[in-house]
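TrEMBL has this to say about the protein:
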TRANSMEM  23-48  transmembrane segment
DOMAIN    41-292  domain 'G-protein coupled receptors family 1 profile'
TRANSMEM  60-82  transmembrane segment
TRANSMEM  102-120  transmembrane segment
TRANSMEM  140-163  transmembrane segment
TRANSMEM  196-225  transmembrane segment
TRANSMEM  237-260  transmembrane segment
TRANSMEM  272-294  transmembrane segment
């Protein structure tokens, strides 16, 4: 019976931010504000894209996908953080922990693929402007969206079963605010080398390869832009990429910093790493609508019109 409970534990305990327990009540306040900003901002953005026919274009379709995924990412983590900090609800069921882990990593992989699709959209728009509507047809856009979802689902789902095979007899206390793949695996007393290598392969097949293809896309974009004879044309072409570049930097910079810090930053205090990991999953979803609202003229105009009525 004891061995059976090791392979099917009832629950885990999420400690929160170790060493800062007495500040949890106050730390929760900015996370609540950031989460509220993410919900309101992304909901307004989704409404504008759905309601305005002039925004029914491939770029804004991918933006609506990014917005939806950001809502999933922040909702998968922040509400549990707030309930732990404010209500003392630190326990999470084993199935709940695996569900949170799945949606956390699934959202990350989907976000990365959407940013790549948006880079492809900008590449076609700038390098082949006359063929844009014939290349990115509604059918092609739908196929891209389905492939993004299927790729993300197929690479993250096996991680759930890799965790379910592990025994958790040693400890069930997670020194974090949310459940993530390697964090859960480290609680097991069994060999987790398969989990570690699979996690590395996921990162290599998704985020790292996406970054490489995004860089290649922007290399072609810059080459095409600097061949334009007019200075105003170059500025206009680059201006259409500004919001996308900002979102790319906000998404990948903290993500890779967090990954590298966990792998190699052994001198960095654990509470700093966990705090940064929480900022990474909460701030980009809140700032993305602001970036696109400020830098994208079509969205900015519709936003002003919506609130001027």
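Backbone N, Cα and C define each Cβ position, glycine as well.
Note that TrEMBL annotation is computational and uncurated.
Non-local neighbours of the transmembrane segment (140-163) in the same chain are 58, 61-62, 65, 98, 101-102, 105-106, 109-110, 113-114, 117, 181, 184-185, 194-195, 198-199, 202, 205-206; each lies 6+ residues outside the stretch with a CB under 8 Å from one of its CB atoms.
As a quick check, the transmembrane segment (60-82) and the transmembrane segment (272-294) clear the bar of 3 or more Cβ pairs under 8 A, pairs 6 or more apart, so the two touch.
Counted as Cβ pairs under 8 Å, contacts with the transmembrane segment (272-294) are highest for 23-48 among 23-48, 102-120, 196-225. For the transmembrane segment (196-225), the neighbouring stretch richest in Cβ pairs under 8 Å, chosen from 23-48, 102-120, 237-260, is 102-120.
With a cut-off of 8 Å between Cβ atoms, the residues of this chain six or more beyond the transmembrane segment (102-120) that come close are 59, 62-63, 65-66, 69-70, 72-73, 76-77, 144-145, 148-149, 151-153, 155-157, 159-160, 178-181, 202, 206-207, 210-211, 213-214, 217-218, 244, 247-248, 251-252, 255, 281. Summarised as a single figure, the pLDDT of the domain 'G-protein coupled receptors family 1 profile' (41-292) averages 89.
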